[in-house]
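K.L.:
First, the structure itself, so that you have it in front of you.
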Amino acid sequence: MAAVDSFQLLYREIARSCSGYVETLALVGACYMASKTVIFMRDCYSLIRLYFVPRLVRHRDLSQQYGQWAIICGASEAIAKAYAEELARHGICVILISKDLSSVSDTARLISNNYGVEAICIEADFNQGPSACKPIKDAISSKDIGFLVNSFDGTLEISQNFLELSESVLWGTINRNIAATTLVTRLALPAMMEKGRGAVVNISSGHCFHPIPRKAAFSASTAFLDNFSRSLHYEYGDQGVFVQSLLPFRVASQRPEGSAPPASWLVPSPQVYASHALSTLGISHRTTGYWPHSMQLGLVKMMPEWVWMLGSRVFTMAT
């Protein structure tokens, strides 16, 4: 009995001496939970404000807000085509730039017939260097350019070790994903600055937040587009030019069956994605453009890099 009494007495003494520490830990835990709750509520508010509220209000007059013409660079890409159609739906005329006219001529004809706006095609292969800029400069000189949409070239997304890539593929990655965006932005931005209005939208990839093995050059080029957009925002955002970085995850495309995922809630069609993305223009400077993708991005940011690397290695090896 004495041993039991001694243990109980010892326990009470220890508990009494540690009570201050326990209260401190409880306070720290409460503060942590409160901060997480505030962050969660803020994220929910941002999600609703960005993706749901704009789709409930009436359509904006984009031509009056930004300008009458849009340049779509990389117009052969599925998202870029859909974005051009969405702009045309709002009465915006489009200039489709691609290295192969045959890949965008049908899109231009469809836009003109369905929406009654002008659609011009320009062939510009940036693998040829600065000479690719001349036809673009001539075409936009007399136009009220209000939008510039630069889309990354998805055909360069090759799953190979870096040293296995040919020089032509590497130059293509640099010229068509980096040089094209930089040079066309340089052509379009002065007119926007002069008018004090305009929008530059750079479409890259949500995968730019972490490195991707076997896609080193491609993933680095998407990170460039994101960083370039954010830098331009801080340089010219206070002068009437809205610069947005779009960071989508997987989007269904018109590629042959089996080479692209079918459209679903998590993998939207280009048309669904473009409709959601355009509604975020003028609201967010950096977004996935589609609310399920924003939820994906939240998970990606919380994921330790070693977990991401393990998953990306398995995925890229499978593709």
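Glycine is no exception: its Cβ is also placed from the backbone N, Cα and C atoms.
Pulled these features from Swiss-Prot for this protein:
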BINDING   G74, A75, S76, E77, A78, I79, A80, K99, D125  NADP(+) binding site
REGION    2-82  region 'Required for mitochondria translocation'
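Can you tell me where each of these features sits in the structure?
P.N.:
A helical conformation is recorded for A78 (NADP(+) binding site) in the three-state DSSP classification. Neighbours of A78 (NADP(+) binding site), defined as other CB atoms within 10 A of its CB across all chains, total 20.
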K.L.:
What is the biggest Cα to Cα gap, in Å, among G74, A75, S76, E77, A78, I79, A80, K99, D125, the residues listed as binding NADP(+)?
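P.N.:
For the residues that bind NADP(+), the greatest Cα distance is 19 Å.
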